[in-house]
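Participant: These came from Swiss-Prot, pasted as-is:
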- Gly135, Ala136, Thr351: pyridoxal 5'-phosphate binding site (BINDING)
- Arg192: substrate binding site (BINDING)
- Lys326: N6-(pyridoxal phosphate)lysine (MOD_RES)
Amino acid sequence: MSICEQYYPEEPTKPTVKTESIPGPESQKQLKELGEVFDTRPAYFLADYEKSLGNYITDVDGNTYLDLYAQISSIALGYNNPALIKAAQSPEMIRALVDRPALGNFPSKDLDKILKQILKSAPKGQDHVWSGLSGADANELAFKAAFIYYRAKQRGYDADFSEKENLSVMDNDAPGAPHLAVLSFKRAFHGRLFASGSTTCSKPIHKLDFPAFHWPHAEYPSYQYPLDENSDANRKEDDHCLAIVEELIKTWSIPVAALIIEPIQSEGGDNHASKYFLQKLRDITLKYNVVYIIDEVQTGVGATGKLWCHEYADIQPPVDLVTFSKKFQSAGYFFHDPKFIPNKPYRQFNTWCGEPARMIIAGAIGQEISDKKLTEQCSRVGDYLFKKLEGLQKKYPENFQNLRGKGRGTFIAWDLPTGEKRDLLLKKLKLNGCNVGGCAVHAVRLRPSLTFEEKHADIFIEALAKSVNEL
């Protein structure tokens, strides 16, 4: 019996689409009502989560879709997972939900156990965790940690603040509010808050009308595919982009205190960074005393066939901070140097300091991934799925450009000639029973849960071939 069958013996055997259009009439009706109190314009359909199960999401019209988007890559184990339901019904969860603690001042007696459970899933080389509330919050907290660390190295870790620092910071001025930058990359997505938004550079709609920090955006490598046929050209691309990074660090108008990168830019188009590129960034950050942050918000927790995508690069020495959220349901960053803990309390602080209810779920997710060997399964299924997609690429090369993600689990994407054609394909896929997402201008990205198996891949490939023929 497969892992999916163990979890979901009553999972549907295939998608069922009952309506002629999506969203269907009942979804449209209820979305109109919901629209009175919530912005429903981005909605695909109105979901019925009580009826959704495993790898299938159901809407209020009774349509059941094979879900390869999984709540924008945030559902790790499928819908209504029994292990997570068990964790949700625990006394610890009830306490966390009913009497949510202000952890900084009033930590619960079980917090040590909860955090140590999360740390079982920490990336190699990381043994501390700082909790947050969302992916954007995780990155904002990481930036704060980086700035505090950077200034502590200049001033002395145990040194007190000067009177000038205490006075100037109240006017948002230096030296108390130092002029420092975070370097990110073009096409990056790190969140929609103010600092994270300043490092985001994927679509104008994410940033318009918001004041932003004047921080540098370097070039992220754009590889030619297949990778094994373009190794020389791609190495030149890596070196070109690395030279830009180093030049920006040396010449930017204010000091670059930190660098943040996604090992695969997800929202920006599923752009991959090579092992060589990620390691060379480590060399550069060490050379210029820059904090190295890996954003694993979307790539983390198993979808690439490893628990953390950057582990493919085996970066040495380990990066300074690794941010997480999405599939872990909780959020925060991992680190290993205790000096990233501020020298005084209340510097990295808020009322909640994370959410114990979500931390409990994160610990349960990590345990299930480990016990069921779900990263190994994801790697196996991803290889199977990629070979099937290569077959479609040979048959329809125009509609499967730059197929990428080989050897990266089910974290797979490809491009269509235009955004309009991509959007039409996604629409056809829904009508043929598959919920799939796009990214960037004309890319299709696959983000199924870790319980997605070969039988699901076969269903998807059949629906995809049919949808492409209908374009």
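Backbone N, Cα and C define each Cβ position, glycine as well.
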Participant: Max Cα-Cα distance in Å among Gly135, Ala136, Thr351, the residues listed as binding pyridoxal 5'-phosphate?
Facilitator: 18
Participant: Rounded to a whole number, how many Å is the Cα of Ala136 (pyridoxal 5'-phosphate binding site) away from the Cα of the residue listed as 'N6-(pyridoxal phosphate)lysine'?
Facilitator: 10
Participant: If you measure from the Cα of the residue listed as 'N6-(pyridoxal phosphate)lysine', which of the binding-site residues Gly135, Arg192, Thr351 is the nearest?
Facilitator: Gly135
Participant: Rank the recorded positions Arg192, Lys326 by the number of other Cβ atoms within 10 Å of each Cβ, and give the residue at the low end.
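Facilitator: Lowest Cβ count within 10 Å among the recorded positions (Arg192, Lys326) is Arg192.
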Participant: For the residue listed as 'substrate binding site' and Thr351 (pyridoxal 5'-phosphate binding site), determine the Cα separation and express it in whole Å.
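Facilitator: Given the Cα positions, the residue listed as 'substrate binding site' is 21 Å from Thr351 (pyridoxal 5'-phosphate binding site).
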Participant: Using a Cβ cut-off under 8 Å and a sequence separation of 6 or more, which residues in the same chain sit near Gly135 (pyridoxal 5'-phosphate binding site)?
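Facilitator: The list for Gly135 (pyridoxal 5'-phosphate binding site) reads Gly191, Val297, Gln298, Thr323, Phe324, Ser325, Lys326, Ala331, given in order along the sequence.
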Participant: Where does the residue listed as 'substrate binding site' sit by DSSP, helix, strand or coil?
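Facilitator: Looking at the DSSP assignment, the residue listed as 'substrate binding site' belongs to neither helix nor strand, so coil.
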Participant: Check the DSSP secondary structure of Ala136 (pyridoxal 5'-phosphate binding site), expressed as helix, strand or coil.
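Facilitator: DSSP assigns Ala136 (pyridoxal 5'-phosphate binding site) to helix.
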Participant: List every residue in the same chain as Thr351 (pyridoxal 5'-phosphate binding site), at least 6 positions away in sequence, whose Cβ is under 8 Å from its Cβ.
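Facilitator: Once residues fewer than 6 apart are set aside, Thr351 (pyridoxal 5'-phosphate binding site) is near Ala102, Gly104.
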